[in-house]
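According to TrEMBL, the protein carries these features:
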- 128-141: compositional bias 'Polar residues' (COMPBIAS)
- 20-96: domain 'VWFC' (DOMAIN)
- 142-257: domain 'CHRD' (DOMAIN)
- 259-378: domain 'CHRD' (DOMAIN)
- 379-502: domain 'CHRD' (DOMAIN)
- 508-635: domain 'CHRD' (DOMAIN)
- 670-729: domain 'VWFC' (DOMAIN)
- 748-817: domain 'VWFC' (DOMAIN)
- 838-902: domain 'VWFC' (DOMAIN)
- 121-143: region 'Disordered' (REGION)
Amino acid sequence: MIKMVDWLEDLIIGLSSLSAECSFGGRSYSLEDTWHPDLGEPFGVMHCIQCYCEPQKHRRGKKFGKVNCKNIKQDCPDLDCDDPVLLPGNCCKSCPKGRKERNDPLLDGFEFLNENSKDDDLHKSYNDRSYQSSEDTNPGESRSDFVALLTGVTNSWLPSSSGVARVRLTLTRTSLTFSITYERTSRPTKVVFMDSDGTTAFEYKIPKEPSDMICGVWKNVAKPLLRQLQSEQMRISMATSGSRGGELEGKIIKHRALFAETVSSILTSEKENSGMGGIAMLTLSDSENNLHFILIMQGLIKHKEPVMVPIRVQLVHRQRVLREIRANITSHDPDFAEVLTNLTSRELLLLYRGQLEITIETQGQDPRRISGFITSRKSCDTIQSVMSSGDTLTPGKTGGVGSAIFNLHSNGTLDYKVQVAGLSSEVLGLTIELKPRRRNKRSILYDLTPEYSKSSGQAEGSWSPMEARYIHMLLQNELFINVATAHYQEGELRGQIKALPYSGLDVPRYELPTPLAGYFVSPPVRTGASGHAWVSVDKQCHLHYEIIVAGLSKADDSTVNAHLHGLAEIRDLEDSGSSHKRLLTGFFGSQAQGVLKDISAELLQHLDQGTAFIQVITKMNPQGEIRGRGNMNPVHVPNSCKLGVGGDGEEAEFGDFFVKDPEEIKKDPHTCFFENQYHAHGSNWTPNYDPCFSCSCQKRTVICDPVICPVQTCSRTIQPEDKCCPVCDDRKEPKDMKALKKVEEHPEGCYFEGDQTMHAPGTTWHPFVPPFGYIKCAVCTCKGSTGEVHCEKLTCPVLTCSHPVRRSPSDCCKECPEEERTPAGLQHGDMMQGDGPRKCKFGKNYYQNSDSWHPWVPLVGEIRCINCWCDHGVPKCQRKQCPILSCSNITRTDGSCCPKCAEAGLITKKAPEKGRNRRH
């Protein structure tokens, strides 16, 4: 029902986000996307309504999306058959199979969807991070790798740069992550993506960090740009401080070698301002010591016409040539691929220790040369592993967990940090292994047991020297880590060591994550699953999280939810009433990530104190499958996000817990624009046009209510100029004035969440509850000594008349009229009154309790197949139950809700009626 109302609001209001996407019904769509709106149960997908994210352009040239929806039923083609039928999930009727049907080009524009199809992902939000990240971990996902070689611009009278950069890009759904390495240039300040026309499509400002890597992500890439990216029509430029814009530039191309690449090199020239450069991508054969490599070069050949130019490629160690290859290339095809066979063990050792140099030199007059050292592949990804009992060679369910992170240096040294918890017995072995060739036949490569500490449950050290073949297997996700215990000597925990793609989230992946285990759940759960999580809070007080889960069975994996809980004290862990539970996300697969922006002050305080825990629940264990918590494994995120102080230390105004970034507010599709200002969803403020009103933003809708003043008990009142409500003016200083002075002298008071305002001690007021406004059926009081807000519901007197009336819509209690009469109409104020059954609001209409109706949907009209009724203030709807037909030829007449048999006289069975009896 909520989904239905939200969709109506989106369609009626017709507002759109000012970003390069469309927001509709709580989902985000890329430019040029089309979809059929899903109204949720019991309405389902509206197949005759087609929505389109239409690209728009601002005056400054910035693109944004606008939602247009239309009824496509009138565009259905005319059919030649006599008895067309409407198939489930379709908008247009079609001829039965075997009947003559005229071809019509209009049919090409329709998408016929099956409501029961599990493969239909048309209505899934491709920008929803939880859906996207779950797909990242599934085999066969839609993922493409790209590369760009950036060199100095030479088509200008200005001197070219000597720098060279390599950009590795990965496209998953509509997010493009990129990692950049560079040589012979200072740290860049920005990266610009340009479309086929040379127009800036996306700009990334590079943070000032002491790192030789640049990591970034471009989210929600528009569909037209995705097509240009796939067809290799986009370019990248990169500028440094104090230099002209676009100092380095290059074309983005797809390359099959990126998937297998394990070592690489950036090739530069010793000449200043040469504009030359190149990159080398190399990998070993899976079984033999053969080195495959591909060279991509720019500026090495001066000829513009396709002339064959001889080159010499050498592998060099300390100016000694180990291998040499000669070949010919052209300016139109400067790339070069080759295989060096039968590398010696020494050559392999030097290769993966970063001591081999590759050089490319043209032959003949005016030779040109570029070179660079070969190192292990550099990336913004994180090498990690989650160990679980469900992934052991003999799967089990012990409830334990293991977690590890790795860092591979350019000299071939592998640093590792490992932690285990919740084991059934003491650790006997901690090893890095190969995939067994035979069942239960382990192949141990390296023993980490000597570095394991029994007291901390951790191991930290380095594997050096790591053999070249094992480095290759590590970067190909072919290694495993195993934990053997006294009760499970072949392995209680096991996990695959693999690269976790860079996500763009501000989480500390360089630190050991928080382990998640069934052992930490209360009561403990013996599960084969485990996981780990990284959590951080940024300067805007937004929570970034990344959760990895392993060992879930297929039944458990059908639905996974992650929650973040905050506890007042760690000893109250068993007391569910004291926890502050907040849903992070629901996800499928083994990974969830995202950003939580609207966090309570209590939860932030628990994160700061280390009294918070993360829990993952599944269908099999709805009370918790795995958890990380307590003084053993707390989620400890130090932050300064407190009431009145933002993460950057600046003071915030009363009425907001945190200072929100105006640019972030603009991007939120639920933001309201009022009096030339943007207001966040859920915020309250006093409008400029009348200080005696209070306004709130509810999903792009501004609701303003007059301030309702409480009744004063004193005999005499005055109206202060700066106040909306009168105050007492007794000779003795009135209670409210004393309270007013007290709050000036002592800033203690009460903060009320409804109006997000501080109230002076001792004052009373009617609570403000968005979106209903002021509620006169309750009175709140600020307890000055404790700072607590105490609200009481007013009790209406018992009336003797049969038809009481409400004098004003804002009045709480009804009164007996002078003459018996019934209110002429239903008022908005009736929705939150203290007496009588509550009414329902559905769309723009109000309904009395027990009323029933058929919903009306814009562009469609009345839906007679849906019955709705008002149940004590809650609108409920259900699809009409149709009889079960036993005939083979079924048809549906216009205006009817249920299908019927095309042939007369056939027996039908009445479907069992569900739900309550309703009035039609």
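Keep in mind that glycine also has a Cβ here, set from the backbone N, Cα and C atoms.
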Next on the checklist: Just to be sure I understand, if DSSP states are collapsed into helix, strand and coil, how many residues of the domain 'CHRD' (379-502) fall in each?
Outcome noted: 14 helix, 59 strand, 51 coil
Checklist outcome for this item: Reduced to three DSSP states, the domain 'CHRD' (259-378) has 8 helix, 59 strand, 53 coil
Checklist entry - What is the pLDDT of the domain 'VWFC' (748-817) when averaged and given as a whole number? => result 73
Item to check | Summary of DSSP states over the domain 'CHRD' (142-257), given as helix, strand and coil counts | outcome: 10 helix, 60 strand, 46 coil
Next on the checklist: Using DSSP, what is the helix/strand/coil residue split across the domain 'VWFC' (20-96)?
Outcome noted: 3 helix, 30 strand, 44 coil
